[in-house]
Amino acid sequence: MANDNEEVCENLSKVKINEEDDNSEDNSSSDNSSETSEDSVEIEVPFKVGMWDLKQCDPKRCTGRKLMRLELIDKLGMSAMFNGIVLTPVATESVSAKDNQIIAKHGVAVVDCSWARLNDTPFHKLQHRKAKKNLRLLPYLVAANPVNYGHPSKLSCVEALAAAMYIAGFKEIGDLYMSKFNWGPTFTRLNQELLDGYADCKDGKEIVAFQNQYLDQLDNNYQHAISSTDSSSDSSDNDADTTV
């Protein structure tokens, strides 16, 4: 079992749990583009959504803090007991459709911290030992947030939460969370094939297999494109050499 867990961990892209990139330049236009109107609309979410805020991110860019303002997420204390699914890079299993009932009953939570400071983040203090069986990774997905657009796995808090909801069978609620950001629908469009494929998988092992098949296809397509470019270049060179 330990070997299985290690294999799962090695083959999964670890969830990116913040939108702060310490090497990114400050971009006020990106900040503005990440916001939508916060005019209040009463929304009921049928399960708890939580966040541990370690205050490592730029508050102007933090999607988790915006969700707090919209009352779509609860701030969790360092020692808070949370029995739902917890998205964390120290997990060894992917979130999957198998987690539907756990989320429905106990909810889902994310850790808001800096990707650059993961080694300094006390993940072991954020989850009660009796609930560690509910720690989950996210599989390969591409970010749509303004700071890390197009980067694999560098998801903001809202992207991570919405992806988990989508994969576990709560697509409409995931769409609701993404709709609070004007770039939000782009996340779904960028990852539509992946999200639908992951949602059809019954457990984490099937998700790993689907992810790896997808990545292998990407690599094959890339190698084919490189090969075609090289062949075209060689053909052009030959034509040039034989032209009088």
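Note: Cβ is positioned from N, Cα and C throughout, glycine not excepted.
Per TrEMBL, region 'Disordered' is recorded for 1-41 (among others).
Annotated compositional bias 'Low complexity' per TrEMBL: 26-35, in sequence order.
Sequence annotations record features per position, and here TrEMBL assigns domain 'RNase L inhibitor RLI-like possible metal-binding' to 48-77.
Here TrEMBL flags Thr63, Val111, Leu138 as S-adenosyl-L-methionine binding site. Neighbours of Thr63 (S-adenosyl-L-methionine binding site), defined as other CB atoms within 10 A of its CB across all chains, total 30.
As annotated by TrEMBL, domain '16S/18S rRNA aminocarboxypropyltransferase Tsr3 C-terminal' applies to 85-215.
Residues or ranges marked as region 'Disordered' in TrEMBL: 225-244 (among others).
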Summary of DSSP states over the domain 'RNase L inhibitor RLI-like possible metal-binding' (48-77), given as helix, strand and coil counts: 7 helix, 7 strand, 16 coil
